[in-house]
Amino acid sequence: MKHHRSLTSALRRVFPQGLLIAGLALGSVSVLHAGTGTDHGYFWSLYREGGSGNISFPQAGTYAGNFAISYSNVNDIVGGKGWNPGSARTVNYNIGALSGSYNFVGVYGWTTNPLIEYYVAELGSVTGGTYVNNVSSDGHSYSFYKQQRVNAPSIQGTATFWQYKDTWGGSSTGSNRSVNMANHINNWRSRGGQGFGSYNYMILALEAWGGKSGYINATVW
């Protein structure tokens, strides 16, 4: 797997939380091009490098956790919607539409003390680093990999930290799905070797890089 940069962490260095960098109001739908903020009680973030892309919330008036990301020919894009801070919650989601190409769709977030970047891949793959074990959750067997990042972008600037990455192979679209984060976090605490710190943000995210184009419309709750 091509190891990608921690894009949302780079975003945190450039954009203070809650700062909207660019946006257009199209009727009742806001189209946002970069930044972090809140919408209908949920935290959102979006970072894009190259190409074009935006996040919007077309059905959030009905489903508060709804978001859509459209992107074209991006070097890197990562974004989504969730909570700040995160928790050992069950993340429910529905991927209503997914087209084009992408690298990762799943739960993404950070902790501090220790500084850890974590992924639970529901679509795509985040393997890379050292395989640790498998964890059973929500009817799937997830492979757990850990990898150290040295002098890399993070929510605390350039830092050395560990990534925890779980992947199982992929879910379908158009159905309600769940990720019991307590199962993943308990395994990371006991088997990760670095513990698990204080929660920063946790989002249902899409990430794509390498000139990809695509679209996702999803809802998290």
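Note: Cβ is positioned from N, Cα and C throughout, glycine not excepted.
Per TrEMBL, these features apply:
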ACT_SITE  Glu117  active site, nucleophile
ACT_SITE  Glu207  active site, proton donor
DOMAIN    30-220  domain 'GH11'
Checklist entry - How does the model score the domain 'GH11' (30-220) in terms of mean pLDDT? => result 95
Item to check | Distance, the residue listed as 'active site, proton donor' to the residue listed as 'active site, nucleophile' (CA atoms, angstrom) | outcome: 14
